[in-house]
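Annotated features, as they stand in TrEMBL:
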type    : residues                  : note
REGION  : 1-54                      : region 'Disordered'
BINDING : 156-163, 238-242, 302-305 : GTP binding site
DOMAIN  : 323-336                   : domain 'SRP54-type proteins GTP-binding'
Amino acid sequence: MLKFWKKKPTDQGSGENEEAADQVPAQTEMPERASVPEVTPPPEPTVAEAPTKRSWRERLSGSTFARGLNSLFSRHPKLDDSLLDELETTLITADVGIEASTSLVENLRKRMHKREFADAGALLQALRQELITLLKPVQKPLDINGHKPFVVLTVGINGAGKTTTIGKLARRWRDEHHQVLLAAGDTFRAAAVEQLKTWGERNQVPVISQGQDADAASVIFDALQAARSRNADVLIADTAGRLHTQGGLMDELGKIARVLKKLDAEAPHEVLMVIDGTVGQNAVNQVRQFRQIVGVTGLVVTKLDGTAKGGVVFALAREFGLPIRFVGLGETATDLRVFDAEAYVDGLLPADFARA
Ligand SMILES: Nc1nc2c(ncn2[C@@H]2O[C@H](COP(=O)(O)OP(=O)(O)OP(=O)(O)O)[C@@H](O)[C@H]2O)c(=O)[nH]1
């Protein structure tokens with residue numbers, strides 16, 4: 001245990017470890033130190049990129065959801081039961097989920113039979129409203145001002161987009177003038193540490209890392225100490241992608257959370273689960289499994305610009321009611337958007353009917 005605190009010759013000499021060690025209560029479980037933490041300092045700022053922010057519709061219009069609705073309403077402009085039957089199929093095909101799709105359509109069918117809609121356009125407007133109503137409760141942006149440093153622990157399965165999302169978050173919060181620190185806690189995948197360092201360099205944000213195969217809890221613990229001693233506003237910790245069946249790796253998440261609590265009883269302040277939006281209904285199972293291991297407090301749904309069908313966001317909202325903090329609409333730094341129910345729905349609907 002003492003070994004963990006012993007200052008290594010190549011330490012940066014900041015005195016951070018000693019200072020934070022004084023604040024640590026008696027330890028029963030400590031992360032194993034595999035190697036000396038490395039701090040990658042941010043390089044000098046370069047001229048800021050000036051990316052053009054593309055609209056939600058530009059990004060979402062290729063989805064099965066958007067294409068399905070467009071084609072349905074142009075092929076079938078007449079208001080009747082078969083339009084609703086096809087609408088139900090379109091929603092299910094787009095990953096909205098059977099229960100949510102059926103309940104949405106049956107509700108619209110009842111209203112149609114009560115002659116609430118003059119034409120198919122009015123039905124589409126009602127659908128827009130219902131979809132927004134489904135998503136509004138999960139539109140709860142992440143507020144990082146309540147704690148200092150605010151600790152965000154990102155979790156998810158392999159390739160979901162955690163590291164990329166962290167890079168985008170670093171950029172966003174840095175642009176909002178927060179002091180950001182990153183922890184390279186994905187010590188499992190060879191390239192993950194380098195990938196995070198690249199994002200750090202690109203966004204002038206320091207990264208705390210050890211070598212590959214280091215103990216993730218140790219890296220993240222060190223990073224929280226560093227964040228405290230540097231008076232950083234936010235620490236974002238990466239973790240290795242894992243499946244619920246990988247017991248050892250799942251236990252590691254619990255260990256990371258416990259070790260963080262030794263420094264701050266309320267940390268992590270956000271357990272952000274990153275979900276690949278192209279995996280369809282599987283996303284629902286993933287969230288269910290991760291929730292049982294670590295108390296997920298918010299979701300990020302990525303890759304909605306790609307081959308995602310678009311509907312999984314509704315399925316997640318209906319199933320869990322967990323806040324959807326952000327959605328990934330592309331691979332560049334500014335492509336992570338704060339989730340906005342109306343903008344999302346309007347990005348999926350045919351342009352003539354959406355309000356955007
Ligand atoms: N099109 C698109 N691609 C994305 C988005 N977010 C992430 N990606 C891509 O998804 C791939 C995987 O992203 P990573 O960030 O490496 O995923 P990870 O979850 O850290 O992966 P592991 O370390 O294996 O767990 C990369 O090629 C990213 O560029 C997004 O919103 N849109």
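Cβ coordinates come from backbone N, Cα and C, glycine included.
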Among Gly159, Lys162, Thr239, Arg242, the binding-site residues whose C-beta sits under 6 Å from ligand 1: Gly159, Lys162
Lys162, Arg242 as binding-site residues, winner by CB count within 10 A: Lys162
Count of other CB atoms lying within 10 Å of the CB belonging to Leu304 (GTP binding site): 29
Whole-number mean of pLDDT values that fall within the domain 'SRP54-type proteins GTP-binding' (323-336): 92
Secondary structure at Leu304 (GTP binding site), reduced by DSSP to three states: coil
